[in-house]
Amino acid sequence: MIGSKISFVFMLVLVHLPFLILNLERAVSGADPHAIHGVASIVLVLLLLFSGFVMGYTNQTFYPRWFSAYWLVGVFFMVVGYLLKLYVVLIPFVLLYAVPLYGLVHYTGHSEETVYPLVHAAVGWGAGIIGYGIGHSRFRRRDPQQAT
C-alpha cells in the first residue's frame, strides 16, 4: 500500500519535469515569461486539477493527505531555506515546486521573488484539492450500482 503512495509522489515529480525544463531558463534569469510559458503553466494547473478530479472520482482517499504533504514539504523547505539563507536547500525546492508554474507570472505580473514560489505552490496545491473535491462529490452522486 505504501508503495503505491510513493509511486504517486514520484509521478507528481515526473509530471512537473517537462514544465520545469520549459520554464527554467526564463525563471533562472528572472526574465519575464513569454506567452508559451504562461500556457504551459496553465496546462500544468489543468493537469493537477484533472488528476485531482480522477482521484476524487475513483474515491482514492489517500490523495488529499499525500498531495497536501507533497506541497507542504516543498513550502516548508522553501521558507526554511530562505529564512536561514540555506540556498543549497532552497534551490532544489524552488526548482521543483515554483519554476514549473513560473509562466503564471505572465498573467499576474512580476511579484516579489520571495513571494511567487509560495503563491505558485498554493496554486498547484489548490488546483489538485479543488479537482479532488469536485471528483469526490461526483463519486458520491453516482448510481450505487456504478460505484461497485
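Cβ coordinates come from backbone N, Cα and C, glycine included.
Positions annotated as transmembrane segment by TrEMBL: 7-24 (among others).
Here the transmembrane segment (36-57) has Cβ contacts under 8 Å with residues 15-16, 19, 22-23, 26, 63, 67, 100-107, 123-124, 127-139 of the same chain, all six or more residues outside its ends. Residues or ranges marked as transmembrane segment by TrEMBL: 36-57 (among others).
What TrEMBL records for 69-95 (among others) is transmembrane segment. When Cβ-Cβ distances below 8 Å are used as the criterion, the transmembrane segment (69-95) is approached by residues 9, 12, 20, 24, 114, 117-118, 121-122, 124-125, 128 of the same chain, each at least six residues removed from its ends.
Within the chain, the transmembrane segment (115-135) has long-range Cβ neighbours (under 8 A, six or more residues past its boundaries) at 44-46, 48-58, 63-64, 67-68, 71-72, 74-75, 78-79, 94, 97-98, 101-102, 104-105, 108. Look at TrEMBL and you will find 115-135 (among others) tagged as transmembrane segment.
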